[in-house]
Number of protein chains: 2
Amino acid sequence: MMFINDKRKTPMIKTLIPQTPENETLERSVFFISDGTAITAEVLGHAVLSQFPITLISYTLPFVTSKTRAEEVRDQINAIYQQTQIRPLVFYSIISDEVKSIITRSNGFCQDIVQTLVAPIQQEIGLEPQPELHRTHGLSKKNLGQYDARIAAIDYTLAHDDGISLRNLDQAHVIILGVSRCGKTPTSLYLAMQFGIQAANYPFTSDDMDNLQLPPALKPFQHKLFGLTISPERLAAIREERRENSRYASLRQCRIEIAEVEALFRKNKISYLNTTNYSVEEISTKIIDSLGLKRRMF
Amino acid sequence: MMFINDKRKTPMIKTLIPQTPENETLERSVFFISDGTAITAEVLGHAVLSQFPITLISYTLPFVTSKTRAEEVRDQINAIYQQTQIRPLVFYSIISDEVKSIITRSNGFCQDIVQTLVAPIQQEIGLEPQPELHRTHGLSKKNLGQYDARIAAIDYTLAHDDGISLRNLDQAHVIILGVSRCGKTPTSLYLAMQFGIQAANYPFTSDDMDNLQLPPALKPFQHKLFGLTISPERLAAIREERRENSRYASLRQCRIEIAEVEALFRKNKISYLNTTNYSVEEISTKIIDSLGLKRRMF
């Protein structure tokens, strides 16, 4: 149930907030439309469109479940076509045939992101699809236990962020090590959120650098340790945002810390990754791959 | 760069950790294979397969970028086919034609999740795809600024979790309100991680219940407030996990808190959502939709 107070019951244009166009040539409007969160439509649509040298003006419209809402969306698509005389691209995922047909009869170039792959799979496995089985990013009795485990992983990860607690490390699936601002916290949270992994992380500070050693509390868990490192230049730039002109942010200090920590990783045979050119998604999946962790789906 | 110490250089079978099968009838092996994180392949593959009444034994194999690795993967697919005499389903996304062709010549039933949609889009927009443009979940000079904004959103959200700080609330994109354990923290983190939204959250505690009022510090930001509520039964079950047999977890206490907080939301005309049957993805996208927030893609 969703209660929207009247003051905020905004007109249909509300959701029409275009994303900042990327700095390229040809402009094209694109809609990501779904009867659910539209996250799948966005992720796949971006994967497809990122292959073309075009500037996207994108609109994401989730929870399109009623005829009325579908008609509003159709009118938005048609309005853009009227203005530009170029068909908007439409990536959609909608179960109801009635709602779907309103969208597909718009002036957009419509692509059903899921059904395109359902037909060949149906033929291969010889079973009828039952589209109402469950929502992709939804919650049901069937997956509630798994969902609770995911929330527990987030709780665990927050309670073991930045070395706050070294208790219950036996319950960690991974313990991430590294200097301040090398990406430990976002990576730990992504591991928990996306994959239900209980990720602790532990920072090495400038005070540790004189005689850098692996803390005794971590030694029993060496098989779960994973190091992050980063280029001193990028680290200095990130730290400069936080504490301008500090010793902490100086290139010299960053170089010392990174050299010390990498030496420690090598000495203790801890797998490590240079995060300079990687996103949290990439860092997280590389850690999973390296430690052979279970990759759950939610 | 990835350094794996020898001790842990596990054999090829390492990544073959099957997911827990769902409790259904027909079993089928499925591979999600990518030259990147394989997140897109997983998300879309699950959206497609969730429509069929089958039990999945799934293997996610990211970073398949070399011929050698592709040959290992092909051998894994073929080994399962040999054992079961049933073709594994293979959802893949790989740029290199050489690597791709090794996979597609396996005994799996192979579906290219991205290219299936690239061809029609190519025809519609009349441009050649340039597949190497950028990685879907990757980092490049082009998106580094946006990536930094995402990390800043995570930092902001952590610093404003659970009412820790009421400073800089003018920088919040949303302030989530609710009782303890109704979903504020996971939702805030998901908004930050997935959409780059700076999400503060504020808890109402049992001490507040006698004369529940909107804290003066929040009043200037009423347009950014969003309430979460939950069924007292589910709340009691969640709290029971945390503090068994406590007053905090009692159904009576949960009922009182929920009733008070919902009354406060209504009195102050704060939009709110009952989270009982929703995942963090659904709660987050509903909040974005309700407040008309910008939905960035990473």
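Glycine is no exception: its Cβ is also placed from the backbone N, Cα and C atoms.
Those TrEMBL annotations? Automatic predictions, nothing curated.
Feature annotations, reproduced from TrEMBL:
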- A:G178, A:V179, A:S180, A:R181, A:C182, A:G183, A:K184, A:T185: ADP binding site (BINDING)
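Most Cβ neighbours within 10 Å, among the binding-site residues A:V179, A:C182: A:C182 holds that distinction in the structure as shown.
Note: A:T185 (ADP binding site) has non-local neighbours A:D161, A:D162, A:N201, i.e. same-chain residues 6+ apart with C-beta under 8 A of its own C-beta. A:K184 (ADP binding site) falls within a helical segment according to DSSP. Within the same chain, residues at least six positions away from A:S180 (ADP binding site) with a Cβ under 8 Å of its Cβ are A:P203, A:F204, A:T205, A:R239, A:Y248.
Those binding-site residues from A:S180, A:K184, A:T185 lying by chain B, with Cβ under 8 Å from one of its Cβ atoms, are A:T185. Report note: the ADP site is defined by A:G178, A:V179, A:S180, A:R181, A:C182, A:G183, A:K184, A:T185, and the residues of the same chain whose CB lies within 8 Å of the CB centroid of those residues, excluding them, are A:N201, A:P203, A:L228, A:I230. All protein chains shown were included, and the count of other CB atoms within 10 Å of the CB of A:K184 (ADP binding site) stands at 27.
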